[in-house]
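Visitor: These came from Swiss-Prot, pasted as-is:
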- 93: active site, proton donor (ACT_SITE)
- 31, 63, 64, 65, 85, 86, 87, 118: 5-amino-6-(D-ribitylamino)uracil binding site (BINDING)
- 90, 91, 132: (2S)-2-hydroxy-3-oxobutyl phosphate binding site (BINDING)
């Protein structure tokens, strides 16, 4: 499983005075509702763990639209998290959407200096998405992980602003 070797970042060990003041936006795609609901629940749980009770949450149609939404939000927030699911089909569409979302979100983060948590699942099967969505019985919680990474990075970057 891809989570092997992942860092153990506990948001509760970060300074709550720092994390609770962070402005967090979560941009969530709409395809694959069950998986997306799990990702979003995990992301909101991580925000709450960090003392952020009401992050801004917006929905976009799909993963292809995540970068433009993140770009619009980034200047107004300390961290942005992008959540989406792309499942391989029988055409090259999978590669195009995955590449566009990945490079677009990376570009937003580097260009704005705002961490963008990458919670876009790129799966060969729906089961792989379910296994990573933080649902009961899931092996991983990528929504939680994406928020944790973005907020931990935002705390580090605040030290250098």
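Any Cβ shown, glycine's included, is placed from N, Cα and C.
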Visitor: Looking at (2S)-2-hydroxy-3-oxobutyl phosphate and its recorded binding residues 90, 91, 132, figure out the farthest C-alpha pair and report it in angstrom, whole number.
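Guide: Pairwise Cα check on 90, 91, 132 gives a maximum of 24 Å.
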Visitor: Among the binding-site residues listed here, 31, 64, 118, whose Cβ has the fewest other Cβ atoms inside 10 Å?
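Guide: Counting other Cβ atoms within 10 Å of each of the binding-site residues 31, 64, 118, the minimum falls on 31.
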Visitor: Quick check: of the recorded positions listed here (90, 91, 93, 132), which one has the Cα closest to that of residue 63 (5-amino-6-(D-ribitylamino)uracil binding site)?
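Guide: Nearest in space to residue 63 (5-amino-6-(D-ribitylamino)uracil binding site), counting only the recorded positions, is 93.
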Visitor: Pop the Cα-Cα gap between residue 64 (5-amino-6-(D-ribitylamino)uracil binding site) and residue 91 ((2S)-2-hydroxy-3-oxobutyl phosphate binding site) into the table, whole Å please.
Guide: 16
Visitor: Suppose we draw a 10 Å sphere around the Cβ of residue 85 (5-amino-6-(D-ribitylamino)uracil binding site). How many other Cβ atoms does it contain, all chains included?
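Guide: Summing over all protein chains shown, residue 85 (5-amino-6-(D-ribitylamino)uracil binding site) has 29 other Cβ atoms within 10 Å.
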Visitor: Would you work out the biggest C-alpha to C-alpha distance among 31, 63, 64, 65, 85, 86, 87, 118, the residues that bind 5-amino-6-(D-ribitylamino)uracil according to the record, and give it in angstrom as a whole number?
Guide: 16
Visitor: For residue 91 ((2S)-2-hydroxy-3-oxobutyl phosphate binding site), which of the three DSSP-derived states applies: helix, strand, or coil?
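Guide: In the DSSP reduction, residue 91 ((2S)-2-hydroxy-3-oxobutyl phosphate binding site) maps to coil.
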Visitor: Between the recorded positions 93, 132, where is the Cβ count within 10 Å the lowest?
Guide: 93
Visitor: Would you kindly give the Cα-Cα distance separating residue 132 ((2S)-2-hydroxy-3-oxobutyl phosphate binding site) and residue 85 (5-amino-6-(D-ribitylamino)uracil binding site), rounded to the nearest Å?
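Guide: With the alpha carbons as reference points, the distance is 10 Å.
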Visitor: Which residue among the binding-site residues 63, 91 has the fewest other Cβ atoms within 10 Å of its Cβ, if you could check?
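Guide: 91, out of the binding-site residues 63, 91, has the fewest neighbouring Cβ atoms within 10 Å.
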Visitor: Please work out which residue of 86, 87 has the most C-beta neighbours within 10 angstroms of its C-beta, and give that one of the binding-site residues.
Guide: 86
Visitor: Please report how many Å separate the Cα atom of residue 31 (5-amino-6-(D-ribitylamino)uracil binding site) from that of residue 93 (active site, proton donor), as a whole number.
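Guide: Cα to Cα, residue 31 (5-amino-6-(D-ribitylamino)uracil binding site) and residue 93 (active site, proton donor) are separated by 14 Å.
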